[in-house]
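**Q** Found this in TrEMBL, in case it helps:
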- A:23-43: transmembrane segment (TRANSMEM)
- A:55-77: transmembrane segment (TRANSMEM)
- A:112-133: transmembrane segment (TRANSMEM)
- A:145-166: transmembrane segment (TRANSMEM)
- A:178-202: transmembrane segment (TRANSMEM)
- A:233-252: transmembrane segment (TRANSMEM)
- A:273-299: transmembrane segment (TRANSMEM)
Amino acid sequence: MSMVADTSVPVSARRPRKLPVEASILAVLVGIALIFELLGWTLRGQSFLGNPSRLLIIILQVSIVGLLAVGVTQVIITTGIDLSSGSVLALSAMVAASLAQESDYARAVYPGLGDLPILIPVAAGLLVGALAGLCNGTLVTLGRLPPFIATLGMMVTARGLARYYTHGQPISMLTDKFTAIGGGANPVLIFLVVAAIFHVALRYTRYGKYTYAIGGNMQAARVSGINVTRHLMLVYTIAGGLSGLAGIIMAARATSGQAGMGMSYELDAIAAAVIGGTSLSGGIGRITGTVIGTLILGVMTSGFTFLGVDAYIQDIVKGLIIIAAVMADQFRRKRRSI
Amino acid sequence: MSAALLPDAPAAPDGFVLEVLDVSKQFPGVKALDRINLRLRPGSVHALMGENGAGKSTLMKIIAGGIRPSSGEIRIKGVRQDFQAPADAMRCGIAMIHQELNLVPHMTVSENIWVGREPRRFGFVDHGALRRRTVDLLERFGIALDPDVEVASLAVANQQMVEIAKAVSYEPDILIMDEPTSSLTEQEVQHLFTIIRRLRDQGRAIVYISHKMSEIFAIADEVSVFRDGAHVATGLASDFTQKSLIGLMVGRELTHMFPKATVELGEVVLRASGLTLPGVFRDVSFELRRGEILGFAGLIGAGRTNVAEALYGVTPAASGSIEIDGAPARIRSPTDAKKHGMAFLTEDRKASGLFLMLSVLENMQIASVADYCRGGFVRQDALSEASEGMRQALQVKTPDMDTMIENLSGGNQQKVLIARWLMTAPRILILDEPTRGIDVGAKSEIHRLMSELVLKGLSIIMVSSELPEILGMSDRVVVMQEGRVAGILDRTEATQERIMELAAR
């Protein structure tokens, strides 16, 4: 720019533009995939990546967690956390499934109910999720609870509600129209569309500007005239709604609603966001990073299974990678503050 | 000086327990202390006086080992010392009571006093001994406190007494007290004075920092006056009068030109009546006219910032009313205030102004994003153009608008924040310490800008701790003292002496 000549700020102080943050995360993803490719040839004599159906399965498996991760990324950007997403997923799955049962099924949750339009179970699932999210948001803002505690409470409560709803009985015999939501590559499509929507929302809308501002400096955001309380409620409600959506898809895919669904998915979602470069100190994070972070988790799970690695060892390695991601974040911030 | 010295507090042959010799302290861009000399006698209370920012606290932090001097030396009992940390100063018999309390709320009184020095028995804390020591200490100084009660449950004044007991428990030769009476009632102040006199009679040296004239003359043996980082006078307290002290504290020429334009004042745009927030400020009333710069002067803690925050809805007043353009305005949050055309540049740039991890552009536009939206989408081109215009108007020096704001100098950061507010087209601008910690050049640019703004019909409320700035820029000055309006002075009658008299009463 033409301004450069008349300033005294050293060139090095400028924001580095060469590579977006995602590039390094993408490199990690590619690196991990290549390691599995190499190990695949040496240990099993076959290709890891050269199998299109495996790649689709990877994305299919992560799209549920991915939806949760898109929600929790936004919450973490505001310096919050959402531990309830896995449980809210289950509760929404139960409610949606109960309204999507075949009308002639004798042991339906609501036996008198006729065939409902597909919109009803979907709307109900989304609504349950959004309400749980609004509840989180209210506890955090008006209730002044730390987000960790508020969403921990919701995590336990929503799981309890999901179990209480049918006293632990699974809800099966769902209509074909409903189960079609989870059929084929639909979950992947929904995940990618949702991710794209929130990528744009965070980057190009007022909603996004306010989200980053609140995470960067809540007090300054408040003084700048941003209604922080209302905005935080909105962010938590959106995260809850996305958990609801994930619940609908999971029930449709499994052709049943089960109270134990999405167990500890909230941790995978948080891990995906953090691996993707979202800072737990708030103000930093992008949906593209989160999507890549989700894929990293998916590739690892798939790769370890492909190599026949013990499931327990999988968890150990996953844990180490999460720690490495957070350490990288700390290192980045330390370097920035010098 | 006739007090008998304790055997464990021997003085150097020349009789000084502490000597500060030619100490200077340079902070980036500011010379906080300029070749300071100070000598403390054992068995004497030495008061330090000076305006906010005169350098008293910096000097005390150097003596207590909190920061290191840029040049000069400190001698304790004639021996040169180079403190690396507060622990070094403590070992040399220096204890300090800070203005802010440094207690652990959920520990008991005795645990707080002896934290880190607990008496032990077989590796475990000996609670019996801990309690005995505390009871003994509190009795010795006539402090009526239960040693087993949690500090959090005590009133602030009693917490202050715990702080004092803790400092005394180190048996220091030199005890520094930085405004120890700010939260004490008159009776408690008298009790504190009794304790101070007892310590003095034991041969200890006490440094006493306070803005309250009456206290200085009641307790101090010697007084030193500081101004703008320089030491201006030292003498026996009996040699000074209140008037001569004020004269020494403010007796500086106006070194900067203030480009205050004469503006015809218009109608009243804001009227505050009886604003009260219990324990913080009370019955604050004033008017702000169109085109006026209304200065708020007073000592730190007088409640000026709190009043500004109440006007802007950050922490609304509990009672009283605000009228804008003659109509009652209900301002319960910054969002409300903004709707009424108000803008608020906060005192602490880092804490409540800047988004350090965002760019200059993003910092500048955040308050006006909503005005540049269509269907929720930000019209970034229009917004960037407006921001660029503002950057040029305010001459913000930055390589480009995408530079991270933390890489700008303090003065340029401040200009970005002012630009943020001007982009909302405010009518009432509240500036809290608008030029604190920025260089002289940026300072005068901000002053010139303020002048231009009021010419255009804006009204400005300016909170400032710098008297020259208050006098140079204000049409009228509201002087606050301990949460109330002590007086409102017209530009023609406002002098440094008048303001200090009202502020320090």
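Yeah, the Cβs are placed from backbone N, Cα and C, and that goes for glycine too.
Can you tell me where each of these features sits in the structure?
**A** Beyond the transmembrane segment (A:55-77), the same-chain residues lying 6 or more positions past its ends with a Cβ under 8 Å from any Cβ of the stretch are 49, 85-86, 89, 133, 147, 185, 187-188, 190-191, 194-195, 198, 202, 211-212, 215, 235-236, 238-243, 245-246, 249-250, 262, 265-266, 268-270, 272-274, 276, 278-280, 282-287, 290-291, 293-295, 297-299, 301-302.
Here the transmembrane segment (A:145-166) has Cβ contacts under 8 Å with residues 75, 79-84, 86-88, 90-91, 93-95, 98, 109, 132, 135-136, 139, 259, 261, 266 of the same chain, all six or more residues outside its ends.
Long-range contacts of the transmembrane segment (A:178-202) within its own chain (CB-CB distance under 8 A, at least 6 residues past either end) are made by residues 56, 59-60, 62-64, 66-67, 70, 74, 77, 96-97, 100, 118, 121-122, 208, 211-212, 238, 242, 245, 248-255, 286-288, 290-291.
Under 8 Å from some Cβ of the transmembrane segment (A:233-252) lie the Cβ atoms of residues 63-65, 67-68, 70-72, 74-75, 78, 80, 82, 84-86, 88-94, 96-97, 100, 121-122, 125-138, 140-141, 171, 174, 178-183, 186-187, 190, 194, 198, 207, 211, 261-262, 265, all in the same chain and six or more residues away from its ends.
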**Q** Residues sitting near the transmembrane segment (A:112-133): Cβ under 8 Å, six or more positions beyond its termini, same chain?
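**A** Distant contacts of the transmembrane segment (A:112-133): 71, 82, 84, 88-89, 91-93, 95-103, 154, 158, 175, 177-178, 181, 236-245, 247-248, 251.
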